[in-house]
Number of protein chains: 2
Amino acid sequence: MTSYQAPDASTIDKILDHAHFDAQGLVAAIAQSAEADGAVLMMAWMNREALRETLATGKVCYYSRSRQQLWRKGETSGQRQELVSARLDCDGDAVLLLVRQTGVACHTGRRSCFYHEVVPEGLRDTEAPRISPEALYAKHV
Amino acid sequence: MTSYQAPDASTIDKILDHAHFDAQGLVAAIAQSAEADGAVLMMAWMNREALRETLATGKVCYYSRSRQQLWRKGETSGQRQELVSARLDCDGDAVLLLVRQTGVACHTGRRSCFYHEVVPEGLRDTEAPRISPEALYAKHV
């Protein structure tokens, strides 16, 4: 598995100019595990500053719409995402992040946020929590 | 690989009640190849009707924000997506679709829309088109 190599600041600026931020100044960000199974872990949002920080540091930083601030993934929970590769889509309004995930991506303690699978009977969980939310955030209680 | 089995109409209604559509009535929809490499193919949007149709038929139907209408993937290009599994995320505002993709997902003729990879020099294409956009949409010219 290759490692992410950050462009310099001026090159990052040019890359950011290729991203099409929406009316709220955001692009969609999809995190996919760089492990062989390629599990999609979560979807969140990035503003220009979050994408700049992610591309400059190789540590994934989202923008929290509810808290209206940068959200350095794992800063609170320790469940960090190390960037392996970042890819803009054809129209620049979404970015795919291949990441090495420390622990779990989901605040429920599951590896992936996409665990409510549609089955004939309704929704079924595809996985159980690996850690309790209480344990994930215990150090901040 | 398992096949998708559609719930009945009343069960689909209950599932739709678990989705959290945004102020525009949309959820984000991520299509991932059900092939072994798990390539993320594209990201688009679904309104309630598009998600209902997708879950009822097993054929992926998005909502086109630019055209403001249902977008039955492949109806124009022939590049259809057959649903293998659909999964809502923890807070219900995004859905992951595992799909069997006929041909290519991207309107540029590439398999995936996420082909602009960040490298130290800027952006580099990860893949070349497999078919020209002109050929993709030729029957409608």
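The backbone N, Cα and C atoms fix where each Cβ goes, and this holds for glycine too.
Secondary structure at B:Asp89 (Mg(2+) binding site), as computed by DSSP, is coil. All protein chains included, B:Asp89 (Mg(2+) binding site) registers 25 other Cβ atoms within 10 Å of its own Cβ. Residues annotated as Mg(2+) binding site in TrEMBL: B:Asp89, B:Asp91, B:Asp93.
Other C-beta atoms found within 10 angstroms of the C-beta of B:Cys113 (Zn(2+) binding site) number 24, with every protein chain shown included. Per TrEMBL, Zn(2+) binding site is recorded for B:Cys90, B:Cys106, B:Cys113.
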Intrachain C-beta neighbours of B:Asp91 (Mg(2+) binding site), sequence separation six or more, cut-off 8 angstroms:
B:His20
At a 10 A cut-off on CB-CB distances, which of the binding-site residues B:Cys90, B:Cys106 has the highest count?
B:Cys106
Restricting to the chain of B:Asp93 (Mg(2+) binding site) and a gap of 6 or more, list residues whose Cβ falls under 8 Å of its Cβ, or answer none.
B:Ala19, B:His20, B:Phe21, B:Asp22, B:Val27, B:Ala28
Round to the nearest Å and give the CA-to-CA distance linking B:Asp89 (Mg(2+) binding site) with B:Cys113 (Zn(2+) binding site).
22
